[in-house]
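Below is one structure, written out as structure tokens; comments come after it.
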């Protein structure tokens, strides 16, 4: 907006030489960023586990939402500068924002539609509709106030407070990072809690409710400071003027396209009939920078996948850091933590070292290095993904069946898969891993133990896993084939557990708070889901005294069959048989990719805005900020297009594809940067001022001569 400040407030109270009002603005920004990043941290897991969407749809909707959050700032700036003014825009859109967060929290309440109380919502479309309304309101709110808050803070200072204003922006950015860091730690912890009226579920209402409450606090704090603010009247939006100038130049050029009209030096000069020389010169500078923005969205396409693909990658990893259990969505905190460390390190150590080596590390070279590093981070992510894929269990394909054997007896057994497919020997209480067979070939089983033999004819349905329990008893060999009914690895680091009763009596089995019901001798329970990493008490109640034992820690993402063997002096003896191995690749392996991407962000993001501001006049900052935010939005749309069009079944291949695309764009940008000539907007402005002064003087001389001529008459 215009440099003229139409102030409508009394002299402001101050504190440490700062206007008191900015403390309200900083607190407001901290709460707002906490609210936004907290909600965003758990969003992709909410889509996947609560709304039951697959990885691709969850990723697509997540990036659509982020894109929307970066498109709406342009709308917010227009409303503030042309109509309501910054204060009223912030207040009204914060109300919209708070409602959006509250709707989001309500949408995640399981009991809202869980009429049969089975722990999962009966009417998922209701939850989807509510969460989409919530997300649209949040995108309007967060995007709409984004360009207003920092500018409104800047408005609070007088012209002679340049030093304080600069310090304010540093504190302002610190509050953004503090808010995002805290919320990315706190909301995943809230999500991991169990809550609910009828059945205990992951606590999404709390994970969304706390950000909603903080947004309400943010709004209240901002309104309390109302009397102290210096409120600048809306001055009209510079973006509108620039757009009109460009539009008129194109229209005018098109009108005069025949050869009889002489060419002009620059196509924007065709606007000179209607717009003054200064606006045209400033617009030329802005367009020069915006042209360089064209390749930048590809960087954001990779950067914003931290909240989607990388979080989903963490769900297949082991988050056990000794006494602390890290949630998959908490890995995103690595970024803000590293930002706080890396910004001073890069500014104070890395750049001065590069300067000492006499390398001219220009802003455009920094941006190029940032793109290259982000590409490298995705290569690191792909390498981690390859290692994860090696640990994932192989499930039977079409026309195949899998069988594992558990020997429940004290004697060794031999199992022959007929006709002559395979023979397996097992000692007492031993179990095998899953063996894969073509369903059509496997017809029967021979089980041999001691001098006893039994044959079992089997017909299997394809694409299933089965467990064969065998036991040599006094009356003969028992061979039971169980259907396992597990077709995928447990998600979110949970474990699947079932029991086989190897006692002679019928018993009641509980583990922690979960009951597995009554199990007859040699029968198996169905699988139940347990949170990963914890130890629970296994309790068995039969005809005799109850027996119990504390289970082993079964890792994350595993499935186990626990065999109840015997009970001696109230202590239960059990054997563990691993059906699906736990996640073995540690979440710490994600740190290198986060580190490289954070380094990329430091040299790319910080430099990008600094460079933009240094290459355009001060009153055009709003246009450049809009352009910069637009690159983020387009980047998120690129994720949708690439992920949708690539049809790659392997996740590592998609990471490599994104890395390759960014590398190609990085080379194009390097070429564009090579041909870019740096300008000094202040020198151009000074030249325009000089020309205007000459023109004024010239006009004065003409008037004076006219006056002389008139006085002589």
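All positions are counted from 1 along the displayed chain.
Note: Cβ is positioned from N, Cα and C throughout, glycine not excepted.
Looking at 655-676, 677-698, the stretch flagged in TrEMBL as transmembrane segment turns out to be 655-676. Panel annotation: around the transmembrane segment (206-225), residues 20-21, 23-25, 27-32, 34-36, 38-39, 42, 46, 90-91, 94-95, 97-98, 101-102, 104-105, 107-108, 183, 186-188, 190-191, 193, 195 of the same chain, lying at least six beyond its termini, place a Cβ under 8 Å from a Cβ of the stretch. Scored by C-beta pairs under 8 angstroms, the transmembrane segment (57-80) has its highest count with 622-643, from the stretches 34-51, 285-303, 366-386, 622-643, 655-676.
Of the two recorded stretches, the transmembrane segment (655-676) lies close to the transmembrane segment (285-303), with three or more CB pairs under 8 Å once pairs fewer than 6 apart in sequence are set aside. Using a cut-off of 8 Å between Cβ atoms, the transmembrane segment (166-186) and the transmembrane segment (34-51) share at least three residue pairs, counting only pairs 6 or more apart in sequence. Counting residues 6+ beyond its ends, the transmembrane segment (34-51) has Cβ neighbours under 8 Å at 57-59, 61-62, 65-66, 69, 97, 101, 104, 108, 110, 121, 124, 127-128, 131, 138, 142, 179-180, 182-184, 186-188, 191, 202, 204, 207-208, 210-212, 214-215, 218, 307-308, 311-312, 315, 328-330, 332, 491-492 in the same chain.
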